[in-house]
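Participant: The Fe cation binding site annotation in TrEMBL covers 90. Under the heading Zn(2+) binding site, TrEMBL lists 96, 99, 136, 139. Here TrEMBL flags 143-160 as compositional bias 'Basic and acidic residues'. Annotation comment: TrEMBL describes 143-174 as region 'Disordered'.
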């Protein structure tokens, strides 16, 4: 953790009537170090320094820090939300379904979508909590080596060798 962050966190908390307790500092440092981390991952990191901290302390601390605007969360899959520092640039998350990598995309790339949703539905979108699932460039390239049609969620190809199904394009019963 940089001392500048510690000073900013301390000043930010004091302005709102809170202290930067050792537990809060450890949770903030863990979030800063791990970037996109679940509460369990944050607990593991915090326990490297303070073994007596429990998961409920982490959850309470994250809830307070999010209310104060110091951390933000996103849902990047079916599990627990992940947390990151809120003072970093606003971004949305691109999550690779194949390898699990997370890409932070500048939120401005979604401006056309945000504008269209506002214009068409009067809906004001919070893209900071938005994750788009798909395939990263590396996994896309690797999938290209496997051949077309070998994509997650698609049924396996069972075309005859040569790729032709017949002149009608209709499938034959198996």
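Using the three backbone atoms N, Cα and C, a Cβ is placed for every residue, glycine included.
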Participant: So for residue 136 (Zn(2+) binding site), how many other CB atoms are inside 10 Å of its CB?
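Facilitator: Counting Cβ neighbours of residue 136 (Zn(2+) binding site) within 10 Å gives 18.
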Participant: Sort residue 136 (Zn(2+) binding site) into helix, strand or coil using the DSSP assignment.
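Facilitator: Its secondary structure by DSSP: coil.
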Participant: Report the residues of the chain - excluding 96, 99, 136, 139 - with C-beta within 8 Å of the mean position of the site's C-beta atoms, for the recorded Zn(2+) site, in sequence order.
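Facilitator: Output for this site, in sequence order: 97, 98, 100, 101, 135, 137, 138, 140.
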Participant: How many whole Å apart are the CA atoms of residue 90 (Fe cation binding site) and residue 136 (Zn(2+) binding site)?
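Facilitator: Given the Cα positions, residue 90 (Fe cation binding site) is 20 Å from residue 136 (Zn(2+) binding site).
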Participant: Show which residues of the chain containing residue 96 (Zn(2+) binding site), separated from it by at least 6 in sequence, have their CB under 8 Å from its CB.
Facilitator: 102, 103, 134, 135, 136, 139
Participant: Using all protein chains shown, find which of the binding-site residues 99, 139 scores highest when you count other CB atoms within 10 A of its CB.
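Facilitator: In terms of Cβ crowding, the pick is 139.
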Participant: Give the helix, strand or coil assignment DSSP yields for residue 96 (Zn(2+) binding site).
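Facilitator: Where residue 96 (Zn(2+) binding site) sits, the three-state DSSP reduction gives strand.
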Participant: Taking the Cβ of residue 90 (Fe cation binding site) as the centre, count every other Cβ atom within 10 Å, in any protein chain shown.
Facilitator: 13
